[in-house]
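Colleague: OK, TrEMBL features for this one:
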- 4-224: domain 'Ion transport' (DOMAIN)
- 1-16: signal peptide (SIGNAL)
- 26-44: transmembrane segment (TRANSMEM)
- 65-84: transmembrane segment (TRANSMEM)
- 126-145: transmembrane segment (TRANSMEM)
- 165-182: transmembrane segment (TRANSMEM)
- 194-219: transmembrane segment (TRANSMEM)
Amino acid sequence: MQTATYFFIFLNLSLALFEEPAVYPLPFLATSVLEVLCLLVFLGRLTHFAKVTLHNVFWKDTKNICIMVAILLSLTDLAVYGVLRLYDVRSIRWSRIMRPIFLINFAESRQIRRAFRSIRNTLPEITYVFLLFMFSLLMFSLMALKLFGERNLQTAEGLPYFRNYLEIVFDLYVLVTTANSPDVMMPAFDFSSWYALFFIAFVIINTYIFMSLFLAVVYNNYKKHLKVMPGGACD
């Protein structure tokens, strides 16, 4: 049962590769039949679980409720999408985002739920570091706007350079990953080599200090919650 459950969960998640828009498109009938088959297997697994569980325990377990709601919504969405497709009305399969629910909420996925619960408990404790990083990013973006915005600089493509605050925030956010380095600084560097100090300071503070601090806080808190995570029937 466990192997079959994992197989159909994997098959259900893999349908995204073959449904429109798809990497390897298959006919709608083929993907819909496979999805219905997966949902029927999930429903059968849930029914089997209900047979061997006390009635009041089964209905108090939010995992079972989540699975049933996900099955009903997926079938409803599939039926509506199929009807609209018959009338050549373009629509979106919004229920696809619910498919990971089956991976998380079945009884066999206790370790995955523990990992998600640890992540959820870790988030409030890393919020302060994240807010501090965002404050630093916004302040550096404001300084960049004041330094370069009034000098009418242009990028290599002839576009305005650092004149829109939101675009500056995005460019410097990408610079934290060094994905656009050194291209993002070249217009300013060509104007004056001293402006390289601004980008060097930004990379040192945000990439090497804040990202290392952020990673350390995430790792330590996640490990702490993973160690103290209680086991039991509620898992």
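In case you wondered, yes, glycine gets a Cβ from its N, Cα and C as well.
Caution: TrEMBL annotation is automatic and unverified by curators.
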Colleague: Do we see three or more Cβ pairs under 8 Å linking the transmembrane segment (194-219) and the transmembrane segment (126-145), pairs being at least 6 apart in sequence?
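Modeller: Contact between the transmembrane segment (194-219) and the transmembrane segment (126-145): present.
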Colleague: Near the transmembrane segment (126-145), which same-chain residues lie under 8 Å Cβ to Cβ, leaving out any that are not at least 6 residues past its ends?
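Modeller: For the transmembrane segment (126-145), the list is 162-163, 165, 168-169, 172-173, 176, 198, 202, 205-206, 210, 213-214, 217-218, 221.
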Colleague: Residues of the same chain, at least six outside the transmembrane segment (26-44), with any C-beta under 8 angstroms of its C-beta?
Modeller: 4-5, 8-9, 11-12, 15, 18-20, 67, 71, 74-75, 78, 82, 85, 102, 106
